[in-house]
Structure formats: C-alpha cells, structure tokens
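Peer 1: Have a look at this one before I ask anything.
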Amino acid sequence: MSDVNNIMPFQKLRNFIPLLAILILAIFLRLWQIDSVPPGLYPDIAINGNDALDTLATGQFKVFYPENNGREGLFIWLIALSFKIFGPAVWSLRLVSAVFGIFTVWGLYLLTRRLFNKNIALLSSFFLAVSFWHINFSRLGFRAILVPFFLVWSFYFLFRGIAEIRTCGKLGVPHLNVGHRVSHMSHIIPFILAGLFFGLGFYTYIAFRAAVLILGAVFLLEVLTYWRKNKPFSWRLSNLWQKVYLKDGWWKWDIMFLTIVLVILPLAGYFYQHPQDFIGRSAGVSVFNAPRPWLELGKSVLLTLGMFNFKGDLNWRHNFSGSPMLVWPVGLFFVLGFVLTIKNIFLKNGVKIGGSPPSKRGAAPNFENGANSIFLLTWFLSMLSPALLTNEGLPHALRAIGVIPVVYIFAALGLFWLANRVKKLKPKKPAAFLGTVLLIFILMAVAFSDFNQYFFKWAKNPEVAGAMRLDLVDLSQYLNNLPASVKKYVIVNEPGVAVPYPHGLPMPAQTIIFIQRTANSEQRTVYLTPSDINQIKIVNHQPAVIIPTQPDQNIFNQLSQKWPQGKIEKINYFYEYKINQ
C-alpha cells in the first residue's frame, strides 16, 4: 500500500508536466518582447489606455464607455489595475490581454478534458497556445480577447456543476445537518462561478451576446436528456417540485441564472438609460442594412467560412494579410473534427453533455456523445454569427474571436481520431511508433510555423508598422524628447471618430495623447484640427514645432505664410514645421 501511495504523486506529476509545458509555451509566446511586438499602438487600443488613466484619476469606473462607438467597461477597469500596479506604459496596457490569453489556454484544457479526455484537452490547448490568431489578439490590447476567456471558463464551471450533481447522487436541497449543508453548498459553487463568468462576459465585447444561444442549447439538451431518462415518471406538479426541482438539483440552474442577472444588472441599467448605445455601430455594418441583404449574407458566409483554410482576414492588425487563420495541418484537422462532429449528431446519443468524468488516458473520444457535438456546433455557429451578419472588412477575424476555442477543439478531435487510426494499422508496434513520431513532428512544425509567422514575418513587415500606427508613436516620442521651452502643436488632419463626440479630436490623436501621458504628468502639447490653425499663437522668438499627423502641403503653405522664418523637416515617419530654431 505504501508503494502505491509513493507512486501516486509521481503519476500525478507526470500527468501535469505536458500541461505545464503548454502553459509555459503560452506564457512565452504572449509575453516575449511585448513592449515592442507588435510595433506601434493603434488608436482604438490607445483610447483604452487613456480611459484607464482617466478612470484612475477620477475614480469613476464606468460600466460602459460611449466614446469611439462604445466599449464595455471591464477591460478598461483591468487596464487601470495594471497601470496602478506597474505604471502606465504600452507593455502594461498589453499585459492585460496577454494574461487573459494565457488563462484561456488553461481554461480550454479543463473544459475539453471534461467533455472528452486528457489527450484531446492537451491537443486543443496546445493548438491554442501556439495559434497565430490567438497570440496576436493576446498581445494587441483589444477588449475582444476576453470573450474566449469567459466562454471557456463559464462552460467549464457549468459542466463541472452538472457532473457533480450526477456523480454525487443528484443532491438536492441542503439538509439541516451541518456536514450535508457544507457538501450541498460546495456543489452550488460551480453554478455560481458559471453565472459569474457568463455574466461578466457581457462586459467584454458585443459579440459575447451570441453566447446566450450556447447557454440555451446546453439547458435544452439537459432538459431533453432528463426527460428521456425519466419518461415513466409521474409528472404531477408535486412531483415536479419535490423530485425534479429539489431532489434532482434543477434549482441550481436558477442559482446560475440569478447570478447572471445580478452581474449584468448595472450594464442593463445603463442600456435602459442609453438605448442608443445597446447596438452601437453594429447596425451600420449589418448585412440587413445593405441594398441586397440576402446576397450580402451569402457573400459573408462564403468569405467567413473560407477564412479558416483559404483566405483569411486582410487587415494587417488582425492577421498576416490574406493568410488562412489556421496553418494548413491544423486547418485540415479542423475540417476533419468538424465533419466527425456533424456525423456524430446523427448517431445514437450516449452520455449526457458534461456528465461523465474525464475518460482514461488514451481512450478514444466519446464520439457517441451527440450532446457534446451539438454543444460544439452551437458554439461554432453562434459565435461565428457576429462575423457572418456583417458586410464590412470580410472576413473579419476579430468579430469571429469567440470561435477560436471551439475551432481548436475541432482540430484536436480530428488529429486524435487520425492518430488512433494510425495506431490501429498492422503491425501494431511499428504503427504506434510511427504515429507517435509523426504526431511530435506535426506539433513541432505547427509551433515553429506560427512562431516564425508572428514574430519574424508579421511583426517585421512594414505593413504592420503602418497598420499599427508606428508613425504616431514615433511622433509622440519625438515630442516627449523636446525641451519644455519648445511650444508643441499637433494638427490631427486625418479622419476618425471624434473623441469626445461630436466636436472632439479625431481618433488618431489618442495614440499621441497616451504616449505623452506615459512620459509626462502634464500635457504640454496643443492638439488642433486643420480648421483651428489660426489658434496657433507664437510669441516673439519662442521656438515651436507644428506637426500634422499626415503630410499636407496645403497646411505647410498656410504655416509658411504666417511664419516665413520656419522650415519643413522630415523626422523618421513624419514631417514637422520648425519655427525659431
């Protein structure tokens, strides 16, 4: 017995090592050179930093920030916390998205293991850890990266709660016995956490709202499975209350739903008072606002489905422009796993969704489980809908960010099924050895390919520097290094949503403002639009620089007429008009 006890810790450690290695890989790929990769700072990201600094200065943590077409508040609160701990900087802004990206990898492992087994969980989390798609959004600083995190963790806790009800004899309402009360209360915690994570998801990104369809599907699957198992049961009202609701634990679903409602109440209250912010920019990019909506919808479906293996997002901020979102081996495994999932839906249902403990190491995936397959398919279609129902920037990897976890579950299912097929070839031992070698080679090739694609091909591409507005960062740092005696003016002469709306500065100013705020406690730069040039006041021989965010000869002509002693100089990515220097 003592030998068995001595072996158990080593067995657990051996099982934990692969996951630990994947998490270390995820940490490295999301934190290495985060201060400089990606280059630049896009204004839509910089405004999050500015709002976080304002939040710290005022102490007003808003549930919704209406500027720049509206943003849910959670991500900005988290950035404010990061600034409070580490100080304001580009890297501490990006750190928030990186940390949540890392924890999404762990959460996907736990969720997939509960649905299938450890090996499939390891494969799915590995694919996510090395994914160009997920690495990129984990390092940019967009709030949308929170969507996959809250999806995987909310459904992990929900399925854990469902499983605990079943494996513990369908515990019902707590008895007066203290020990039972503690036991019962411990089985409520997963439902509370599921509700908490799901509710917080609404504070992330508008695309999360589609997750309601997934939760509804899980609930209906549970109801259907329960009804099939209890067909002989007398469905009188008293029995429904005593047996179904209380004894069999359906009241715990209400605990989760109540938690969700309580969490989203502040945001719901805001939208009740400001209904125009509920939809925001979504209405403007909807396919149903197009002249031929059904034609646009068909086009959107084709382009969006094709982004996985054929032609991906063209936006350099979101992707290596035009490259498939999945590296080709993973793309093939994804298609195989997706086909197996569709096929499985039409097979005989097996164990209920989330209801079985993780299967033994090496066991085949539970493909007889039609409920799991319906769950995965519902997730895929629901979280793809924010991209499918728009007609702008197609295909759009950011709007489809909610499908990232399930895409890699499909890929893991496909690869695991294929590996099992190879192992069954005869002779078995050489086939098993060949399968193992091939699997290791594929995983290493996938990891190297995405690593090389992101850090060397993508990050060093001049198109990325332009898309991420490295020119504005360069301009900001130049201003920060000028002596305090120099009067500084920036003319924001390019389009963008006005902040504050409608008479504020165009969005590109946000990058310059944030970079300056990270270096100076006081703003010494005056920001203007081209129509405000006459507001520039330069006294006597005071040195000054006037910099338009985009080169514009018309602006320089106006400046030379007012201050003929000035001169135009090119500094890296921008041009300035220097006066009295």
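Start at 1 and count along the chain as shown; that gives each residue its number.
Keep in mind that glycine also has a Cβ here, set from the backbone N, Cα and C atoms.
Pulled the feature table from TrEMBL, pasting it below:
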type: DOMAIN; residues: 75-164; note: domain 'Glycosyltransferase RgtA/B/C/D-like'
type: TRANSMEM; residues: 16-34; note: transmembrane segment
type: TRANSMEM; residues: 91-112; note: transmembrane segment
type: TRANSMEM; residues: 119-135; note: transmembrane segment
type: TRANSMEM; residues: 141-159; note: transmembrane segment
type: TRANSMEM; residues: 188-206; note: transmembrane segment
type: TRANSMEM; residues: 212-229; note: transmembrane segment
type: TRANSMEM; residues: 250-272; note: transmembrane segment
type: TRANSMEM; residues: 326-346; note: transmembrane segment
type: TRANSMEM; residues: 367-388; note: transmembrane segment
type: TRANSMEM; residues: 400-419; note: transmembrane segment
type: TRANSMEM; residues: 431-448; note: transmembrane segment
Peer 1: May I ask whether the transmembrane segment (16-34) has at least three C-beta pairs under 8 Å with the transmembrane segment (367-388), counting pairs 6 or more apart in sequence?
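Peer 2: Contact between the transmembrane segment (367-388) and the transmembrane segment (16-34): absent.
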Peer 1: Taking contact to mean three or more C-beta pairs under 8 angstroms, with sequence separation of 6 or more, is the transmembrane segment (326-346) in contact with the transmembrane segment (250-272)?
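Peer 2: Counting Cβ pairs under 8 Å (6 or more apart in sequence), the transmembrane segment (326-346) does not reach the transmembrane segment (250-272), since there are fewer than 3.
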Peer 1: Go ahead and report the DSSP secondary structure tallies for the domain 'Glycosyltransferase RgtA/B/C/D-like' (75-164): helix first, then strand, then coil.
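Peer 2: Going by DSSP assignments, the domain 'Glycosyltransferase RgtA/B/C/D-like' (75-164) contains 82 helix, 1 strand, 7 coil.
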Peer 1: I'm a bit unsure how to read this: which one of 16-34, 119-135, 141-159, 212-229, 431-448 has the highest number of Cβ pairs shorter than 8 Å with the transmembrane segment (188-206)?
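Peer 2: Against the transmembrane segment (188-206), the leading stretch is 141-159.
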Peer 1: Residue list, the transmembrane segment (431-448) vs rest of chain: Cβ under 8 Å, 6 or more residues beyond ends.
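Peer 2: Same-chain contacts beyond the flanks: 25, 126-127, 130, 327, 329-330, 415, 419, 422-425.
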